[in-house]
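Enquirer: This is the structure I have questions about; it appears just below.
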Amino acid sequence: MPFTLGQRWISDTESELGLGTVVAMDARTVTLLFPSTGENRLYARSDSPVTRVMFNPGDTITSHEGWQLHIDEVKEENGLLVYVGTRLDTEETNVTLREVLLDSKLVFSKPQDRLFAGQIDRMDRFALRYRARKFQSEQYRMPYSGLRGQRTNLIPHQLNIAHDVGRRHAPRVLLADEVGLGKTIEAGMILHQQLLSGAAERVLIIVPETLQHQWLVEMLRRFNLRFALFDDERYTEAQHDAYNPFETEQLVICSLDFARRNKQRLEHLCDAEWDLLVVDEAHHLVWSTDAPSREYMAIEQLAERVPGVLLLTATPEQLGMESHFARLRLLDPNRFHDFEQFVEEQKNYRPVADAVAMLLAGNKLSNDELNRLGDLIGEQDIEPLLQAANSDRDDAQAARDELVSMLMDRHGTSRVLFRNTRNGVKGFPKRELHTVKLPLPTQYQTAIKVSGIMGARKSAEDRARDMLYPEQIYQEFEGDTGTWWNFDPRVEWLMGYLTSHRSQKVLVICAKATTALQLEQVLREREGIRAAVFHEGMSIIERDRAAAWFAEEDTGAQVLLCSEIGSEGRNFQFASNLVMFDLPFNPDLLEQRIGRLDRIGQAHDIQIHVPYLEKTAQSVLVRWYHEGLDAFEHTCPTGRAIYDSAYASLINYLAAPEETDGFDDLIKSCREQHEALKAQLEQGRDRLLEIHSNGGEKAQQLAQSIEEQDDDTNLIAFAMNLFDIVGINQDDRGDNLIVLTPSDHMLVPDFPGLPEDGCTITFERDVALSREDAQFITWEHPLIRNGLDLILSGDTGSSTISLLKNKALPVGTLLVELVYVVEAQAPKQLQLNRFLPPTPVRMLLDKNGNNLAAQVEFETFNRQLSAVNRHTGSKLVNAVQQDVYAILQLGETQIEQSARALIDNARREADEKLSGELSRLEALRAVNPNIRDDELAAIDSNRQQVLESLNQAGWRLDALRLIVVTHQ
């Protein structure tokens, strides 16, 4: 190699040393000093792993003094390069900069600079980079972004609500689905979309204290959202790190009590600039015109400051009109400010609901009915649509659907309230109750007697709670020596049931964790029954493992023993047998227990087994739940109201189960109350709202489209390629499960989202739903998104050299493959990627500038190429640098047309879509006051900013590959 003192070279193997200077040489060796690190390297002159650094006109370089020069001309004097150009800080022209004075900390970021500096990547990394660009761009443009990555069944009504609300600016809605229909999942889907698109970055979830862990688990397991749980201890700890502790985390969960009981804490919450507020169990916020509760006022303060609000609540009919109005008032106080006016409005919606029922029935409409429809819709030129809807023509159904849609748009609360009922949603199993009456052992009888004497001063409620769990009473007297499981007939019955149903999965729920642990030991030691335990003393990871073991079909646990609190937020639809070893104290907890199996998507009828001891509180409660509320075999929306009204009487019967006088009358009265309330609820059903919330055929198509996207084989191929190149070990465990573990030779020390001890993944939704320890990998999973960012945010794969063996072309023929990226810079909230994501434009140029990309598809071409080692590659680049530079110049002139076309299309699409949305909502505003002014203003502002950002869009070279033809 021709070396001269003062020349600048870069090491092919140690590029982190920066720019080296030739400081000494003899006949066989050359010494380079690397000023940025102060290190010297001695190389053999004949075959040294270094590359000469040469810049070209158009490049910008930095001097050792820090000023920059835009190169206009390159000269050579005595073997040294001299750059002539314009100094950027002073705008002085014809400034010269000798290469010896270049900044030694030079970083080559442009692909062409890296190529010319000998920083040549492996060929497979270039291919990965191109695929990453291509797939990322496609995913940004895919419909239903944000709805595909969650670990949930694809349930149409949930997807419909999430798709509608998740795309809105700062959504403010009330989710009021009946129990078991998945309000938490709907809220999670909305959050996931908003966070993924950048519409929201900071989220606060406020829930009752008992549901905090349930939300934490659901958000992490289903949506890969890592929330921080704030309690008194965490709040105090965070005060050391920031004036406002809530600014230390982006995603926060706290309890309503935690938020309410401290004035400064509430102020900190209000000042933390959240984008979205989620409030679960919002029906517990008590409000009246004269005296709103402190809890309600706390949420009201937050709702005034946070742009987006999701309230999750029980069904409106259960709560009464005033309570329902109070929720809506939190969402839009300007719209819902007068309760009397609201009541009047609700009455006026009845004709609208009747009209929709008429249209959906499909019968011919009378003239009066047609006139009524015309009056309700109140639009000009509606006559042809009405005639079409009432005809036998092929378009009659489409016309009816259009009329239903127009009526829904005029429905008072359809934009702010979503409510699905079990009647309107298919897919629920039946419930079958099997009660097993068992004798009360003498040991328990004695313990109960003694307890009654000693606890005479206890309240009726405390005695009632004690009587529900006789094993606890016995254990208290006997201490550690008490072995209640040796004589309790429920244990014998359970062992008999499990041994006679060994092929079936059984979920056993009991109130206390200690009971679950003791039962596990008995089942294992006496009958060798494989039982997993699940209780609140376990970590989330331990619970995951227990759930995964229970889910395994062949080698897994037959039974899962859960405590009351431990089972919150977990669903086990793959099992259909539920054993209640004891009974919970109120109907809400009973429904929660059954709800572990009775979920939409359950494939079998649920068998509910209740072994109970006679002459105990259990025998009282089993009758009251079944005969008084019908709560075992059907969901019981009336349960809480009747429980509250019958509480005093019920407690007395539970505290003294032997006193049965009048109990039959109580059951009869509760049953009558239940039937009356149920009829009242049914009559008050808002069928129009249910149709709107359910989504009908549109929601079915949405679920089907996402299911089709689940079968994308590109994802699996790309993910495995990514893991290979990053250096992540993959161990195929069968059953569509793969274990990923970090290796010692990864591209980065820590791959974001991959735990130190690894993780189990699956690409199959069904597997992910039955195996909670397996992460469900989609294009939206953090492992894939982080992998894309890792490759594309750096220079991995941005420059490479390949050989093309092709005897039809002359040896030494050059081709240059260029990958440009067309993109626009804008704040994430604008969601510019909907219209112009970073889009790759591939060109394959010969020396004359002919673009062969259309004729030669990337993957086919890539398979024909072979790799070149870095050292040989550097020599090749040095030999053809001027030719490559000339082809690059031709590429620069050609890219503009393609890029401009992409940008113009994006502008047109953005303008049409955003202007159309604005026009539709403005027109609707005239007939539906629930469309907020701030929402319209935000859409208009968003449209202007999007179009302005697209005007500023540009393009840049992202990667290049030099291809040299060979015949060997």
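Each residue, glycine too, has its Cβ placed from N, Cα and C.
Annotations for this protein, taken from Swiss-Prot, read as follows:
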BINDING   Asp177, Glu178, Val179, Gly180, Leu181, Gly182, Lys183, Thr184  ATP binding site
DOMAIN    164-334  domain 'Helicase ATP-binding'
DOMAIN    490-685  domain 'Helicase C-terminal'
MOTIF     280-283  motif 'DEAH box'
Enquirer: Give the sequence-ordered set of same-chain residues, not counting Asp177, Glu178, Val179, Gly180, Leu181, Gly182, Lys183, Thr184, with Cβ within 8 Å of the centre of the Cβ atoms defining the ATP site.
Expert: Glu186, Asn420
Enquirer: Need the DSSP three-state call for Gly182 (ATP binding site) to compare against my parser.
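Expert: Looking at the DSSP assignment, Gly182 (ATP binding site) belongs to neither helix nor strand, so coil.
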Enquirer: Within the motif 'DEAH box' (280-283), what mean pLDDT does the predicted structure show?
Expert: 86
Enquirer: If one looks at the chain holding Thr184 (ATP binding site), which residues at least 6 apart in sequence have a CB under 8 angstroms from its CB?
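Expert: Long-range Cβ contacts: Gln214, Trp215, Glu218, Asp280, Leu312.
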Enquirer: What count of other C-beta atoms do you get within 10 angstroms of the C-beta of Gly180 (ATP binding site), across all chains shown?
Expert: 18
Enquirer: For Leu181 (ATP binding site), just count the other CB atoms lying within 10 A of its CB, please.
Expert: 25
Enquirer: Within 10 Å of each Cβ, count the other Cβ atoms and name the one among the binding-site residues Asp177, Glu178 with the highest count.
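Expert: Sorting the candidates by Cβ neighbours within 10 Å, the top entry is Asp177.
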Enquirer: Relative to the Cβ position of Lys183 (ATP binding site), how many further Cβ atoms are located within 10 Å?
Expert: 25
